[in-house]
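K.L.:
According to Swiss-Prot, the record shows the following:
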| type | residues | note |
| --- | --- | --- |
| BINDING | R52, P53, I54, S55, I69, Y70, R71, G76, T77 | FAD binding site |
| BINDING | C223, C228, C231, C245 | [2Fe-2S] cluster binding site |
| DOMAIN | 1-101 | domain 'FAD-binding FR-type' |
Amino acid sequence: MKIEDCTVEENVQIAKDTYKMKIKGNFVKECRTPGQFVNIRIGDGREHVLRRPISISEIDRGENLVTIIYRIVGEGTKFMANIKKGNEIDVMGPLGRGYDVLSLTKEQTALLVGGGIGVPPLYELAKQFNKRGIKTIIILGFNSKDEVFYEDEFKKFGETYVSTIDGSVGTKGFVTDVIKKLQAENNLVFDKYYSCGPVPMLKALVNAVGEDGYISLENRMACGIGACYACVCKKKKKDDYTRVCYDGPVYLASDVEIE
């Protein structure tokens, strides 16, 4: 983990309130597993004391670049949306533990399920699975058509399905409605699933397909390094808690309570 002044190589809007930023820095050499995140300081850190945790969407170690995708939800991310190409930002990272890309072998099948701003970390995962010859089935959930992003990018790596709550594109409803449809058609055969999204989506996913998979939690975070215990969640098999920013954010679905 490093704290580094990095250069913004790109910062563009890709969907409603959603932006893609490319960051260049030496910390990228330490990025290894899909699902890790960075903590970005907002301005000089005086007006906005807490950094903003943003998942890493793509890793390019050859060019020392990472791509992050974020949504404007408050003053911090609004500030980020106004950062220009060539500006410097203070980045702490990489942080957390990501998905186990070695949990499947060649010719096995992975089911990737993302909801909203939980979609981005699955892109690097799909890319790495593709390189290893692992088939991927990808399901992406959004509220509406104007919030959809990266559908075409994911299609490069596997069968890709989109759901929207209002039915403006893809299957009307939730990611689990796509799953039910594929199950009814006997078109959903996979060895393990990998997911990231809001708590209701993760709960519904586990109810639909069981616990043999990975979930990435989106708990609110403060320090990002496990020191403040602001982002803990409860373990299933013992009366204990785990720090999402340090021990996660990716867990086996069978290991933690989804609350």
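Cβ from N, Cα, C; glycine included.
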K.L.:
In whole Å, note down how far the CA of T77 (FAD binding site) lies from the CA of C231 ([2Fe-2S] cluster binding site).
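P.N.:
Cα to Cα, C231 ([2Fe-2S] cluster binding site) and T77 (FAD binding site) are separated by 20 Å.
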K.L.:
If the FAD site is taken as the center of the Cβ atoms of R52, P53, I54, S55, I69, Y70, R71, G76, T77, which further residues of that chain fall within 8 Å of it by their Cβ?
P.N.:
I40, I68, M80, I117
K.L.:
Long-range neighbours only, meaning 6 or more apart in sequence with Cβ under 8 Å: which ones does C228 ([2Fe-2S] cluster binding site) have?
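P.N.:
Within the chain, C228 ([2Fe-2S] cluster binding site) has Cβ neighbours under 8 Å at A222.
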K.L.:
Measure from the CA atom of I54 (FAD binding site) to the CA atom of C245 ([2Fe-2S] cluster binding site) and give the result in Å, rounded to a whole number.
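P.N.:
Per the Cα atoms, C245 ([2Fe-2S] cluster binding site) and I54 (FAD binding site) stand 11 Å apart.
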K.L.:
Can you tell me the CA-to-CA distance separating I54 (FAD binding site) and C223 ([2Fe-2S] cluster binding site), as a whole number of Å?
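P.N.:
Between the Cα atoms of I54 (FAD binding site) and C223 ([2Fe-2S] cluster binding site), the distance comes to 13 Å.
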K.L.:
Roughly how many Å separate the Cα of C223 ([2Fe-2S] cluster binding site) from that of R52 (FAD binding site), to the nearest whole number?
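P.N.:
On Cα coordinates alone, these residues lie 10 Å apart.
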K.L.:
Per DSSP, what is the residue tally for the domain 'FAD-binding FR-type' (1-101) in helix, strand and coil?
P.N.:
12 helix, 50 strand, 39 coil
